[in-house]
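Trainee: Input: one structure, supplied below.
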Amino acid sequence: MTVKYNQNGELTMDGISLKTIAQSFGTPTIVYDELQIREQMRRYHRAFKDSGLKYNISYASKAFTCIQMVKLVAEEDLQLDVVSEGELYTALEAGFEPSRIHFHGNNKTKHEIRYALENNIGYFVIDSLEEIELIDRYANDTVQVVLRVNPGVEAHTHEFIQTGQEDSKFGLSIQYGLAKKAIDKVQQSKHLKLKGVHCHIGSQIEGTEAFIETAKIVLRWLKEQGIQVELLNLGGGFGIKYVEGDESFPIESGIKDITDAIKSEIKVLGIDAPEIGIEPGRSIVGEAGVTLYEVGTIKEIPEINKYVSIDGGMSDHIRTALYDAKYQALLVNRNEEADDSVTIAGKLCESGDIIIKDAKLPSSVKRGDYLAILSTGAYHYSMASNYNQMQKPSVFFLKDGKAREVIKRQSLRQLIINDTK
């Protein structure tokens, strides 16, 4: 866990009192343990170096991105996965090397394709037959592409974040021949060069079995097609711990199991080992982030429920409403026994604006207290909205006892900056 209580009973991160952060900078605020982010990246590097295989690790921008996050990614020698013009723009503004950027997405617009080509990104991840034609049409020079294929593997996770099954808006089906058609179209194109294949079977996956099965299916399929590729990218989806009972993906042993299986399979198939790519996002930043809120109204309905309302909600914490995701809350300003079961509710005008049902908190919780919601580093700020004209929160990186603001709190003026009068 990235937080702990100090001798004064205050919750801390990297030795910094989160009560002090909340009082100094306001709430809602998202704080990250910068050293934990870096260590997660380094753990992946070490695990792959031990495998002896050529590899690349790309950070999935969609989990959380901003200029300072991109700079951190560059410092730790990761590549970058983007899925929109905005994510690409952010990366370029941060000074990230374009050749180390990969552009994903099931519906890249003509403008996005041109923008990526103009900036000489590393490669496109092809998601449809039509996209092959579009990129070839707008390219003037050789363009590296990777085909996103669907191996037909269903990861055991929430149906909204499964992506490797046949019925998916993402990728090209192996079973139904779309992947083979894509290879043929790339080979017949004027400007495109096939660099490799990519697959992403889902998110919040705790074990290795689905990744191993996927790798074997794709390697065998490539062998059947008589194709040797430079890169086999297994995507991301490595799970993290949100609540007690969850298990984080075991990076060291997990990568070893996956790479051992790949080495064994390529030996059986008699093919050269491709470079192995992965795209972690959640597992890099998820557990390193915590959201701070101030407690407001407390409403107790006798024998039914007790609602503890906070000054944020689904505008900065949508995953509970979207996926029925589970979280843990801690009282920031006092270390007391969590002897009460409550519902932590957001302040937005939606009955579904619930952060945690059956949250365990001290019965003494009152207006003006601060709460920390753990493991909110991924898909929180990046999925934040201005619903109810709520302002997006500020974001800080904490390191060596100091708080560094990496995203300023959205101002009221910024809420209407694009409105016409």
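Here the Cβ of each residue, glycine as well, is placed from N, Cα and C on the backbone.
The active site, proton donor annotation in Swiss-Prot covers CYS349, and the record cites sequence analysis as its basis. If you look up Swiss-Prot, you'll see GLY237, GLU279, PRO280, GLY281, ARG282, TYR379 marked as pyridoxal 5'-phosphate binding site, on the strength of similarity to another entry. Annotated substrate binding site per Swiss-Prot: ARG282, ARG319, TYR323, GLU350, TYR379, in sequence order, evidence recorded as similarity to another entry. Per Swiss-Prot, the feature N6-(pyridoxal phosphate)lysine maps to LYS62; the stated evidence is similarity to another entry.
How buried are the listed features, and what sits near them?
Mentor: Sequence-distant contacts of CYS349 (active site, proton donor), defined by Cβ-Cβ distance under 8 angstroms and a gap of at least six in the same chain, are ASN388.
Take the CB of GLU279 (pyridoxal 5'-phosphate binding site) and look out to 10 A: across all protein chains shown you find 28 other CB atoms.
In the three-state DSSP classification, TYR323 (substrate binding site) falls within a helix.
Sequence-distant neighbours of LYS62 (N6-(pyridoxal phosphate)lysine) (same chain, six or more apart, CB under 8 Å from its CB) are ASP81, VAL83, GLU87, GLY281, TYR379, SER382, listed in sequence order. LYS62 (N6-(pyridoxal phosphate)lysine) falls within a helix when secondary structure is assigned with DSSP.
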Trainee: Rounded to the nearest Å, what's the C-alpha distance separating GLU350 (substrate binding site) and PRO280 (pyridoxal 5'-phosphate binding site)? Just drop the number here, would you?
Mentor: 33
Trainee: Could you tell me which three-state DSSP class ARG282 (pyridoxal 5'-phosphate binding site) falls into?
Mentor: helix
Trainee: I'm trying to understand the geometry here, so how far is the Cα atom of TYR323 (substrate binding site) from the Cα atom of ARG282 (pyridoxal 5'-phosphate binding site), in Å to the nearest whole number?
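Mentor: TYR323 (substrate binding site) and ARG282 (pyridoxal 5'-phosphate binding site) have their Cα atoms 15 Å apart.
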Trainee: Would you identify which of the binding-site residues ARG282, ARG319 has the most other C-beta atoms lying within 10 angstroms of its C-beta?
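Mentor: Within the set of binding-site residues, the most crowded position is ARG282.
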Trainee: How many other Cβ atoms are found within 10 Å of the Cβ atom of GLY237 (pyridoxal 5'-phosphate binding site), counting all protein chains shown?
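Mentor: Counting Cβ neighbours of GLY237 (pyridoxal 5'-phosphate binding site) within 10 Å gives 28.
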